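Q: Quick one: structure below, then a few questions.
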Amino acid sequence: MNLINMDSENRVVLNVGGIRHETYKATLKKIPATRLSRLTEALANYDPILNEYFFDRHPGVFAQVLNYYRTGKLHYPTDVCGPLFEEELEFWGLDSNQVEPCCWMTYTQHRDTQETLAVLDRLDLDTEKPSEEELARKFGFEEDYYKGTISWWQEMKPRIWSLFDEPYSSNAAKTIGVVSVFFICISILSFCLKTHPDMRVPIVRNVTVRTANGTAGWFLDKTQTNAHIAFFYIECVCNAWFTFEILVRFISSPNKCEFIKSSVNIIDYIATLSFYIDLVLQRFASHLENADILEFFSIIRIMRLFKLTRHSSGLKILIQTFRASAKELTLLVFFLVLGIVIFASLVYYAERIQPNPHNDFNSIPLGLWWALVTMTTVGYGDMAPKTYIGMFVGALCALAGVLTIALPVPVIVSNFAMYYSHTQARAKLPKKRRRVLPVEQPRPPRLPGAPGGVSGCGTPGSGPHSGPMGSGGTGPRRMNNKTKDLVSPKSVAQLFTGPLGASIVAMSPRTMLDLNPALAMGKPNFQPRFPTPLAATPPVVSAGDTAPSVAPPVIPVPSIAVSTLGKDSGISTSTTTATTNSGNLETSKKAFL
């Protein structure tokens, strides 16, 4: 019997989310400095009637948590989201880095997803219209918004910015976006067509020469060609729009520094500035011999195509895919450079081993070009090995190139698919989520001596487990060591002498004995003075209290006296119920004494 009692004393019952778990206290002590290792009966979530600890947490995760205490290995449940798993581990005081290697990749997958969602938030792919408060916070006049002193410029600035920088914010913004795309396409098309020979105008000059017989002659000399004058006017109109757009966006931008540092904006105003620099050079430096070389810098106007990223989410995702795959691309370039150098050196010496009068590899730098073309599977055919050893090296070079390029490509494709799938999912999500109210904290347990008694043992209907007697249940409970202590003669005597005695004495004797037969162990002596049935529970006045100044209405109530409880307790208590006036109160006291 003692062994059974010791085993029950060492066991602890944990009720997590409605699922009861039973384990040994020694098991919970295996991992110190955690929530489960510091369980005491003084905690608010301890139920002395059921002898269990209740936690309103996720039961599925707790099964793995308890298994971690038992086996020392923390596994990740596949049916639980990663952030929820981390929140539960934080509540129980465990380290999420202790997850086993077999579950680590599945567990950390949510971190990659969170990073992806954070990147998509920075890309401004969401077309939801922000509120006025968010706009005020974004443009830096939040205080004026709360004070109600917004000026006309503060009111117009977000609207102008939305028109020129957020193409999908309104119909007017869509119209301006279409106009911007139109001018970008016209500018690029003009830049390309003006290099066609049929679109250029030759510059002809009349050159006078003297013949051998001394007579003068002349001929027409075409020194150069210039683009047609129509392309100049087209460029002027397009760059006028680009200049206007840059100035408006800069003036209405919420953050000037971020606007200047943006890569797309840098391309925009450098391309626009190159047009004005070209005009200055044609006006003042056209007589220089190498003036045409300066036109090479106008090629930056082609970079205006990146401005289309503001109008296409697909281009944003593509650019972000290359950013996210920077490590894989760097690894690809490194392997290519390594293979090019190795195979260029091999083919150079392989072609010199045998007699080869038509050797194309006169130096290793020429072999670098051949290795690059071969490894990228382009194969121009301008250079080719002629010897058998050189052909063998060329075959190895082609196979190595295929493997080198094929290995990192799936990673880049998976990154693009991940960004694209999350973008599509965000577009289909509802814009407004249901508001979840904050969790109402349960009332703390009442201390002994406070009105209403201790939680679970107070007045009828009070406490988290209130029953017919307010003592934590609606029926008989399982007897255990804790309940035995509660109903021992000594504890019952202390219970009746404390502030809870009033509430318990107010109940009828038969009801108390029926609900908890263990009270009969103390053998209380009930002496009803009135045969009248109990109509209502009167206010309780202990023996040391004074009578109330205002007499309550006359209600026939029984007066119950409790004699010595138990043989060993040696405690004699007396309680009285209030009567109609102070005289009846004194009479009742004398009768009980």
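Here the Cβ of each residue, glycine as well, is placed from N, Cα and C on the backbone.
Since this is a predicted model, take the numbers as computed values, not measurements.
Okay, so TrEMBL annotates it like this:
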- 10-110: domain 'BTB' (DOMAIN)
- 175-193: transmembrane segment (TRANSMEM)
- 329-350: transmembrane segment (TRANSMEM)
- 362-381: transmembrane segment (TRANSMEM)
- 388-413: transmembrane segment (TRANSMEM)
- 431-480: region 'Disordered' (REGION)
- 450-461: compositional bias 'Gly residues' (COMPBIAS)
- 567-593: region 'Disordered' (REGION)
- 572-582: compositional bias 'Low complexity' (COMPBIAS)
Q: With contact taken as 3 or more Cβ pairs under 8 angstroms (pairs 6 or more apart in sequence), are the transmembrane segment (388-413) and the transmembrane segment (175-193) in contact?
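A: The transmembrane segment (175-193) and the transmembrane segment (388-413): touching, no.
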Q: Using Cβ atoms and a strict cutoff of less than 8 Å, what residues sit near the transmembrane segment (329-350) while being 6 or more residues removed from its termini?
A: 322, 361, 363-365, 367-368, 370-372, 374-376, 385, 387, 389-390, 392-394, 396-397, 400-401, 404-405, 408, 412
Q: For the domain 'BTB' (10-110), would you mind checking the mean pLDDT of the predicted model?
A: 91
